[in-house]
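Peer 1: Found this in Swiss-Prot, in case it helps:
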type	residues	note
BINDING	Gly626, Pro627, Asn628, Met629, Ala630, Gly631, Lys632, Ser633	ATP binding site
Amino acid sequence: MPEIAQPTPMMRQYLETKARYPDALLFFRLGDFYELFFEDALTASEALQITLTARAKGDDKVPMCGVPHHAARGYVARLLEKGFKVAICDQVEEPGKSAIVKREVTRVVTPGMVFDDQVLDPREASYLGVVALAEGRAGLALLDASTGQLQCGEVPDDARAVDELRRAGVRELVLPLGADAARAERIERAVGVPAARRPAADYERADDRLRRHLGVASLDGFGVGGEPLGLAAAAAALAYLADTQRATPRHVDRVSRLRTEDVLLLDEATRTNLELERTLNGGRKKGSLLALLDRSVTAPGGRRLAEWLRYPLTELAPIHARLDAVEELAGASVAREDLAAALRPVADAERLLSRLVLGQGNARDLRALAGALLALPALAELLGGRAAALLRDAGEGTRGLEELAAHLDRAVAEEPPATLREGGIIRRGFSPELDEIVAVAEDGKGFIARLEAREKERTGIGSLKVRFNKVFGYYLEVTKANLHAVPSDYERRQTTVGGERFVTPELKRFEETVLTAEERRIAVEGRLFEELRQRVAEAAPRIRTAADAVATADALLALARVAAERGYCRPEVDGSEVLEIVDGRHPVVEAVLPEGPAGFVPNDVLVASRGALECERLGALHVITGPNMAGKSTVMRQAALVTLLAQMGAFVPARKARVGIVDRIFTRVGASDDLARGRSTFMVEMTETAAILHNATRRSLVVLDEIGRGTSTFDGVSIAWAVAEHLHDQVGCRTLFATHYHELQDLARERPAVRNLTVAVREVGDRVVFLRKLVQGGASRSYGIEVAKLAGLPAEVLARAREILKNLEALEVDEGGHAALARGRKTRRADPQSQLGLFAPAPAPADPALEEIASALRATEIDALRPLDALNLLAAWRAKLR
């Protein structure tokens, strides 16, 4: 804490406040600015690129910087992006009422505690992740404070905890103080977001504190009983929310079980490789699967769709329920358009509710909420007549708020100002008390004119005037010549040179009314606003239920729109261990290609787990070979995406699809290093492969692309072969294994469930045409030099590459043109003395004499030669060599 020899009362107030929030940048309200001092000023001026000045007091020079209060939201948003916390210290009384204005921290804004709609992405959840630690296990809570969504549960180890936190995309992490510090730091580093430490008290008595907050006798009805670590994390999440926002989070009115058991598991590598929410190139939304699918009308619908994409299902009933709803809407274009029209007026009720309940909302939020609630009856009517149960349930969930909607509509002005002090947030006619005050405030001049006219007529004093000054307020001025006509009810206030000043009881009442009308208007409007806010808070559970129903209906509409517009089919999802995709397409790649012959080439993927009845026909492990750029990775990714889409309850890009439930999808596709953690490309590849081998089950879908390419050829082939064997022999799951190691095709000779597939090419002269079609069989070439030519490598480099390739191909030793690895096969080895170095000079031209002798030798019938003839031939050949 900085020390100042003689701090002013204001600076003493600042230092006391800062001491309570040492880990936050303190925005301290001074008039029209938020000021920062000392280290906070140095940090903020650098982060925000604003001017750093100094506040001088004697020998003390205090570094300071500031931002206008009306522009603070933008500056706070920039600080949050850089991982800072910001404590907002506001003036909580009017200046002049005391020697120093009273100030309090009204809220602490952190990366996981954001409510400002100008900072939040409307289509992204904003999760705080809270971790509770115990020996061998971890409790997790995910809290989206902006919507009131709270989930909790337990996971078996820290690795799973990290994966769940990253899958949710948490913005901030809360870890316990006093726990295993090294363990907590490992989790913090692995998750990679700003973290806060909270005292053990936040985690204690969790069951009791949650029951009291939710107003229930037992948590069993929420399905979260029996997992004390999860409850501890949930209690800590609520404590952090209440502490940072300085309010009771009444909008968090329920808690649900963290979905770790009945959802398809997707590790971070798989989510990244499949580009579900961000592209590999640049990390952009555009070009991701979510960007393609999100045809939702509302922000909650977009968030719900993202949630479904992150957590595909593994239970058949809810999958089929979603598919039923999507099928109904996909087949009814008029119904889709009607539903979209009904959803458009529905604002983001979840986030509006959160701001209002926490005391951060304004009249515009109330007006937006009123508009959203007014739109619900039409939506309920539209959904209530649908056949699909999910659509009917969504319609039912939007009912019951008609009275509140009408009340808010009557109360709140059509276009209210942003702040109470501007006045005019309440409609005329809602409050007689307020209407009277407003009428007086707005009709003050008219009242004065009417009063003056009445008094002139009553007294007969034509020169009588009603005047005002700051000392006496309103008064009646009468000249000396007319003092004899002054009525008895006039009360003398002041004698002047030219006459006297009087007041009347009516003028006193008017003065009191007019002079305080604006303050009274603000006070009454503030009271009415608070009453409306409380009424909204009391209806929070019903509003959240309706918002949830809107989100579900909108997400289903989005999936139906995509299905209808892109020609997707309803997948057959069952309990088998089969994946059959007929004419499947990659949804994102297809969308960017033109239609017709130059468009996307569909492919079939037919694979089953070992032990499944269909395995003998389809195979369990497909070794896919073929040229670079031929489309191997695309085919494998689209198989994974079709599986994922089917299990999230969406239609799929295929002519026909059957998807047996998958418990996990693993992908090892592409190459990248992790320099920050000291891991090479090959180390990253091996780490991800190890995770697959340790965690895959027979129900998993595994997609592997070019395992082993990051090391030497022999090491790479050996690793790839061993990995494929393990997946076939030990795991037996559905596996797509793309490789340029053609030796792996020999697996099919000794493994019954291995199938060889290749992507077809056609050679036209010296040109290679990639047909993008997956066919039975193996590839003998990778056409890497042809791809290098397409990439624009210099001609001399390509020519030299062809020479080297010929040298290498000349050393191939078996009938397949490559080393044979299958057990029991006989191989021939090249003479090591004759092997050429990979980059050895090209061999010298052959000797013409040797060529002539070799030709003669090949033409000679040795069995017909007499010994003398043979000796003569040898002598002649020796002479040629000389």
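The backbone N, Cα and C atoms fix where each Cβ goes, and this holds for glycine too.
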Peer 1: Within 10 Å of the Cβ of Ser633 (ATP binding site), how many other Cβ atoms are there?
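Peer 2: Excluding its own Cβ, the number within 10 Å is 20.
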Peer 1: List the other residues in this chain whose Cβ sits within 8 Å of the Cβ centroid of the ATP site residues Gly626, Pro627, Asn628, Met629, Ala630, Gly631, Lys632, Ser633, in sequence order.
Peer 2: Val759, Phe770
Peer 1: Could you tally the C-beta atoms, other than its own, that fall within 10 angstroms of the C-beta of Lys632 (ATP binding site)?
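Peer 2: For Lys632 (ATP binding site), the count of other Cβ atoms within 10 Å is 26.
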Peer 1: For Asn628 (ATP binding site), which residues in the same chain are close in space, meaning a Cβ under 8 Å from its Cβ, but six or more apart along the sequence?
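Peer 2: When sequence neighbours closer than 6 are ignored, Asn628 (ATP binding site) has His740, Ser782, Tyr783, Gly784, Val787 within Cβ distance under 8 Å.
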